[in-house]
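> I'd like to ask some things about the structure below.
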Amino acid sequence: GFKVLASASHYWPLEDVDGIHEFPDTNGDIVEGMVNKGIYVTEKKGVTFLFSGSYQNSCISNPEVCGPEGVTFSFFWKTQDQQAKFLPASGGQVISSGFKICSNEGEGSVEFYTRGNAMMKWKASFSPPGPYWTHILFTWKSREGLKVYVNGTLNTTDPDGKVFYDYGDPSANLLTGTEGDRTKRYVNGAFDEFIIWERALTPNEIEQYFTAAIGVQVLLSSTLPWSVMTTTTQPVLSTNAYRPIITNLTEERGNFRSPDTMLGYLENVSVSLPNKSLSENTAQSLTEAFLKAIEDFLLLPNWIDVPETAHIFGSLIQTIDNLMAHMMDNLDENPLPLTMEGMSSVADYSLVKMHPQTLNLSYYRFPSRGQSYISIPSEAFHEKAWITIVGLLYHNMHYFFHNINPMDTRIAEAAAYKGYMISATSYLISVKVEPLPKLSHNLSGSPLITIQLTHELTPRQYSQALNQSNRVHLYCAFLDYSNGTGVWSNEGCVRESGDLNYSVCLCNHLTNFAILMQVVPLKLTREHQVALSSITYIGCALSIFCLTITLVTFAILSSVSTIRNQRYHIHANLSFAVLVAQILLLTSFQFSPGTVPCKILAILLHFFFLSAFAWMLVEGFHLYSMVIKVFGSEESKHLYYYGIGWGCPLLICVISATSSLDSYGESGNCWLTLENGAIWAFVAPALFVILVNFGILIAVTRVISRISADNYKVHGDANAFK
């Protein structure tokens, strides 16, 4: 406890306050006003005030400056004589630009403020202090929100906070007292041992500090007034066999470079835990330390290069299960009921020990909020005396279960589509209950577990799912460890409802669940394949034959006038581009996707089909120059036309191929893939050509119609107008 105090950033013992006995200065390094010399204390009879100047870059004035480590505020508080002079309506207060604590009308509360891009407010209420010294401590972390501890025990939380637009002066001083006239800052409360840590203390550290501060055994109920607690000359801490393990988990962080080595270490920790009872605070500390180590594992730089990624993460989840199962079996049975919950970057977690009769609802749900959850009907708990429930909702684990071979699963429906890989497409969620709930063996009976999971699709998965030529299979699956290793199975589960955004599953057992997705291309029947193949070969062969005749014809007629010769040049280039594209298209059917020849043919097809559209654009420009507006000499137009017809497609293909080579000849045929937007390197220029030529068609038609109408008026020849 003294070591925890010695690590504080700011400490004011307030020796003159007639309060609890003071800390003995055993380490010789506890200094009043530690670190920040600008904070000072003034004292009136039985009333204490703390002031600080405006420190804009400190955790005290702006908690967001504290970073991910968070901040902790701690002090002792009691209500004074009700006849105190100038009794304020708001009761006792501690206020700064970052936080505010007050008691009023039978309620105590902590309000916490951050002033970043959006002002946020967290608020948690608790029973206010009476005439006995009460320890108030609150921690804040950007990820975990506000936690308030009263007398060393977690009392209330506000994990999310809310946007807030109206809170006092952003440069307010830190003080204990009331707002308003400084000359009348009398309060009906007294404060002692005011401490600030520029990090969030763990529940274990809070327990240690509180025990040392009051000099009583930590096992005493935190709700008893201190006047009736049995004090001792020295704080007596219960022997805790788990403390070295928690310390080792913390110290070993960052020492591992290999996923295999670190996984082996975590597995060893989970199976070698002492078979001794542990308190709620110890369980919380152990869970937090273990999940921190898991976070380090996920951040290892070279785990992604390891083969069998899904197998490794299956073992990792089994390791977490072992830890939680150990805590279920060894959790201290006093006091009951018990609720332990928290959140980390790895998972939200909950451990509940209760009597089923205390369930106010017709079901137990984990987590209590959100779109992804597991629901257990209360009738499954009948005839149970006490139940222990452990829940985990993993945030990122599903990313590591991708490209799972369906033959490596126990999902018969997936194995029927051999070669089409499976990926997790939702959060992993886990709930374990001891003793086991009584569930129906038949999936059409009751009671059953209800699991709702929101799909977390990657852009690639979403594109595949929306592709009308694919069929999407969604499986309610779980990790089955019956053979020692985690294998995905859907035995005892059925997908009841849902769409592309979520799934609702019914299961007759509990374990780790997720939604798996398998995308299977729709297969054509043999008759359709023959018909399409015949149409393609006959149509392309006919096209190649006619285009060849066209080119020969243009070669024979090349001796005509200059203007006509230019028109024939454009026609010949267009015909040549289409001819080569058709020949390449027929050739590409002989090669398999993913091969080098297929990639080369895909790039050439892209170029020649783009060139065909580009020469159509040149046709439009030439018609425009003949009918509406003449521009440039014949030689300059020749250069423009060749630049548009061959140069622009070449430039587009070079940019596309160099930036996204893996988009050519990979999915189903020797062409651009439809999945990552690469197809727009062809579709966008083609649409542009169509729109421009449509505009030119309208403009040319209007001019010709006007000329024909004038000729009809002069000559009266209806055929000329037609």
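Yeah, the Cβs are placed from backbone N, Cα and C, and that goes for glycine too.
The domain 'Pentraxin (PTX)' annotation in TrEMBL covers 45-248. Annotation comment: TrEMBL describes 350-523 as domain 'GAIN-B'. Per TrEMBL, the feature domain 'G-protein coupled receptors family 2 profile 2' maps to 532-722. Look at TrEMBL and you will find 535-558, 570-588, 600-618, 639-658, 678-700 tagged as transmembrane segment.
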> For the domain 'G-protein coupled receptors family 2 profile 2' (532-722), report the average pLDDT of the model, please.
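That region's mean pLDDT is 87.
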> Looking only at the recorded stretches 535-558, 570-588, 600-618, 639-658, which one has the largest tally of CB-CB distances under 8 Å to the transmembrane segment (678-700)?
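Most Cβ pairs under 8 Å with the transmembrane segment (678-700) come from 600-618.
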> What residues elsewhere in the chain lie close to the transmembrane segment (535-558), defined as a C-beta under 8 angstroms and at least 6 residues from its ends?
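Residues packing against the transmembrane segment (535-558) from afar: 564-565, 568, 571-572, 575-576, 578-579, 582-583, 585-586, 589.
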> Counting only residues 6 or more past its boundaries, what in the same chain has a CB within less than 8 Å of a CB in the transmembrane segment (570-588)?
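For the transmembrane segment (570-588), the nonlocal Cβ contacts are 536-537, 540-541, 543-544, 547-548, 550-551, 554-555, 598, 601-602, 604-605, 608-609, 611-612, 614-616, 618-619, 622, 641-642, 645-646, 669-671.
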